[in-house]
There are 2 protein chains.
Amino acid sequence: MPITGFYKLYFSKNKTYVKQLKNLLGFVPGNLSLYRNAFRHKSAATNVRKGVKNSNERLEFLGDAVLGSVVAEVLFKLYPYEDEGFLTELRSKIVNRANLNQLARKMGFEQLVEYDARMVGSTRQGSLLGDAFEALIGAVYLDKGYEFTKSFLINHIIKSHIDIHTLEQTETNFKSKLIEWCQRHGKDISFDLVENKEGESNKLFSIHAIIDGEVMGLGKEFSKKNAEKLAAEKACEVLGI
Amino acid sequence: MPITGFYKLYFSKNKTYVKQLKNLLGFVPGNLSLYRNAFRHKSAATNVRKGVKNSNERLEFLGDAVLGSVVAEVLFKLYPYEDEGFLTELRSKIVNRANLNQLARKMGFEQLVEYDARMVGSTRQGSLLGDAFEALIGAVYLDKGYEFTKSFLINHIIKSHIDIHTLEQTETNFKSKLIEWCQRHGKDISFDLVENKEGESNKLFSIHAIIDGEVMGLGKEFSKKNAEKLAAEKACEVLGI
């Protein structure tokens, strides 16, 4: 450990916070204010200047991109014989909000995230953690650079917390997800076949996912089943499920 | 220039190709097969093994992610007082397919991209170039690493070819884009206000973009104008405009 890290951990006025971060991250952070921002939800933010808040949203934007890039490389190298469709799907299973929320909870982010419960609905509280996780990646990147962030993600996060091969097997079933959601919320759902438009291949199926009479998603595919899946996926996206 | 670069450029059996790449990229590439793959569209690919083709699609997946990450950092630092919504929108203006196609054309990719014209429709030929651009970024990353790719992108591409401040000003007007497309293809278009669902705020407008009687996009916003914009954007996405 470099001498500045040693000082930070044992003698600085922030030593408690530094220790807490070191336990979480496995390394001594450099620029503490980056990490404080990463764990601050907008509900707990204050204005800094020129209308900019010290919340984690900008860091989340950056961290999301860095995370996407690292995971892309990991999968590219781990699956040399799979095509880009497979890689894209597997990556989205890893970096989707639900998975990141769960990961952040497992890692104990709840103790560190700052937010104002009065301003955050209970359903939104879960995704606070995933947002903070992405923001943390942004902070690590700015503090330590790409190669460090990549090693941190691979050795400290992916290897310990993400079972890629299990995720590979589990199919995100948007259709049953949507149907369950409708049952829970007392809504009617149907999948209706739409007539093909002129000039469109006869083999193409267009399916609407209709919830309480309203079209919420359209899927076009060469099999009816896949068109339904796509329509359900779009509807899940629109509804934020 | 290191001695291996010197050899490659003047004495190797691939010296013509190496020179062509050096003119394009401004540096001497290391692993040539990566660059050959980056410029090979799937229509010109052959099977390598285990059903994997030597096309540029996997590299495109990787390059898209690395490009997204570099551009995210550039904008994060260039606009310290803008929020993540601004950064996300500006990034998508920079890395959208139309912009990358244009960029790749300006850089002279047409001479380098390998494809089979019989298998590629004329409308698809344009996006070949943008795909190859992303794949090239993937190749540079694997060949030279993140920091090199970042400098290459900033100094050789962004500074010379992308006018970020102009892009910042131009608003992508999805509504007029969609209306133009419909006129060109002889299709009816309308934007219809949908009734709000129970429990939804009265102030929320839900608008369907309807083309030839079929719902192609839904937008929900607190102003009618913005809901229409969003519906048009979704419809453009569905139609691949």
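Our numbering is plain: 1 for the first residue shown, then up by one each step along the chain.
Quick reminder: no glycine exception, Cβ is built from N, Cα and C everywhere.
These figures come from a predicted structure and were not determined experimentally.
What TrEMBL says about this protein:
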{"type": "DOMAIN", "residues": "A:18-145", "note": "domain 'RNase III'"}
{"type": "BINDING", "residues": "A:Glu60, A:Asp131, A:Glu134", "note": "Mg(2+) binding site"}
{"type": "ACT_SITE", "residues": "A:Asp64", "note": "active site"}
{"type": "ACT_SITE", "residues": "A:Glu134", "note": "active site"}
{"type": "DOMAIN", "residues": "A:173-241", "note": "domain 'DRBM'"}
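Among the binding-site residues A:Glu60, A:Asp131, A:Glu134, the ones with a Cβ under 8 Å from a Cβ of chain B are A:Glu60.
For A:Glu134 (Mg(2+) binding site), the count of additional Cβ atoms within 10 Å of its Cβ stands at 26 [all protein chains shown]. In terms of local Cβ density within 10 Å, A:Asp131 ranks first among the recorded positions A:Glu60, A:Asp64, A:Asp131.
Across the domain 'DRBM' (A:173-241), the DSSP tally of helix, strand and coil residues reads 27 helix, 21 strand, 21 coil. Under DSSP, residues within the domain 'RNase III' (A:18-145) fall into helix, strand and coil as 91 helix, 7 strand, 30 coil. The distance from the Cα of A:Glu134 (Mg(2+) binding site) to the Cα of A:Asp64 (active site) comes to 5 Å.
Cα of A:Asp64 (active site) to Cα of A:Asp131 (Mg(2+) binding site): a distance of 9 Å. In the predicted structure, the domain 'DRBM' (A:173-241) carries a mean pLDDT of 82.
Cβ proximity to the Mg(2+) site centre (mean Cβ of A:Glu60, A:Asp131, A:Glu134, cutoff 8 Å) flags the following additional same-chain residues: A:Asn56, A:Glu57, A:Leu59, A:Phe61, A:Gly63, A:Asp64, A:Gly130, A:Ala132, A:Phe133, A:Ala135, A:Gly138.
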